[in-house]
Ligand code: SF4
């Protein structure tokens, strides 16, 4: 589905590189590949061994960087970030990486995720005299590191990480070291690759493919990696817990050409579609997927049922982004602008419309109507994930509970609201089977908390659900 009309948004993407003479350029290309994870801001920090060089701005990677910036972004190492506007809105000061300068040394920090105890930690730090310049969780991590400034930085980072809880994949760059870390449950994705002698890190492996890097392995839950002129060292800042990688990364967020935890995203979506067909078959003439993220699941559904797959819905690619339109009514018109039903394919046909998820239901209702207006005689909606009934505390905008249509309506009620002839969702067991399959659940388990309400970490009464702009 289209993120900006659906109301589901990834928070960020992280990229880092060490040991490459064109570190800034490689990061720029890496961020291009991660652009789908955040379109509100982008930034790169490099080190030339003596000082950190920063360029960041509000907008798409292409808008923020021009050729002129790269003569200033010198150095053999870099970290980069693309951001979706969360708490505090999309102002320049919240665009990452954030740079903290001090007399002794400087530090740049970029992170993807959400800390469930950020509010409490911020209160403690403020009580001890810290002053915050941004509303980002990233600054909380930086203050915790700086508070242990008497320790070597590796230990200071380790000590900061032992205090924070939630989901995070982060990169810290100093003048002469790069640090990479992942939360104890590996909720957010982060992979390691090699580009010649250089080390690269990215939220998704599609960034490796774009720059010609080869995949090495996943960053392990609770792992802290340090790289400097002596090479790469790895340690555990905490014992790894059972991995609970966000299942929505497979369902919707990640690019189909990425591999997450050694499973290709397109392949996992196809399996979800097949599983869905097994669980909720239907008699129909044609299967269509809602572009772009539902197409793989629709192909899987088609393969399993033998009902031909067709391009019944087309995305109008060059229409302006709908999130700038303020009202619900205009957003719904935006849906119409962004998607077209192909009359020649659906007219007079019983159509299976496969979508990856339903958030508020308004988009599904609109698409069902589009298909019927184009002549579909029946529209059977099949959703390749379970009903989203709970908010996410880990950095994904799934809207508040009250806005989630499945939190207060049965499947039959949702069917009626969206005007479909039938509606079925993939089961939580089916989703887990599609991703974990016969692999070890300790290494390949997934979070399904927005479907089940079983959060893999503590959630505190004052845990802040990121307040996304909408
Ligand atoms: S609650 Fe849902 S969106 Fe959030 S990390 Fe878990 S699976 Fe992903």
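Each residue, glycine too, has its Cβ placed from N, Cα and C.
What TrEMBL says about a protein is an automatic prediction, not a curated fact.
Taken straight from TrEMBL:
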type	residues	note
ACT_SITE	12	active site, nucleophile
DOMAIN	12-230	domain 'Glutamine amidotransferase type-2'
BINDING	246, 392, 447, 450	[4Fe-4S] cluster binding site
BINDING	293, 355, 356	Mg(2+) binding site
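Shown on the structure are the features that TrEMBL records.
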residue : record                        : DSSP class
12      : active site, nucleophile      : strand
246     : [4Fe-4S] cluster binding site : strand
293     : Mg(2+) binding site           : coil
355     : Mg(2+) binding site           : strand
392     : [4Fe-4S] cluster binding site : coil
447     : [4Fe-4S] cluster binding site : strand
Cα distance (Å, whole number) from residue 293 (Mg(2+) binding site) to residue 447 ([4Fe-4S] cluster binding site): 19
Residue 450 ([4Fe-4S] cluster binding site) versus residue 356 (Mg(2+) binding site) - Cα distance in angstrom: 14
Those binding-site residues listed as 355, 356, and which of them has the most Cβ atoms within 10 Å of its own Cβ: 356
Of 12, 293, 355, recorded positions neighbouring ligand 1, Cβ under 6 A: none
Cα distance (Å, whole number) from residue 450 ([4Fe-4S] cluster binding site) to residue 293 (Mg(2+) binding site): 19
Inter-residue Cα distance where the pair is residue 12 (active site, nucleophile) and residue 450 ([4Fe-4S] cluster binding site), in Å: 19
Cα-to-Cα gap, residue 246 ([4Fe-4S] cluster binding site) vs the residue listed as 'active site, nucleophile', nearest whole Å: 14
Rounded mean pLDDT for the residues that make up the domain 'Glutamine amidotransferase type-2' (12-230): 92
Rounded to the nearest Å - Cα separation of residue 392 ([4Fe-4S] cluster binding site) and residue 355 (Mg(2+) binding site): 20
Spatial neighbours, same chain, of residue 12 (active site, nucleophile) - Cβ under 8 Å, 6+ residues apart: 37, 38, 81, 82, 83, 84, 96, 110, 111, 112, 113, 203, 395
Least buried by Cβ count (within 10 Å) of the binding-site residues 246, 392, 450: 392
CB contacts for residue 293 (Mg(2+) binding site) [other CB atoms within 10 A, all chains]: 27
Cβ neighbour count (within 10 Å, all chains shown) around residue 447 ([4Fe-4S] cluster binding site): 26
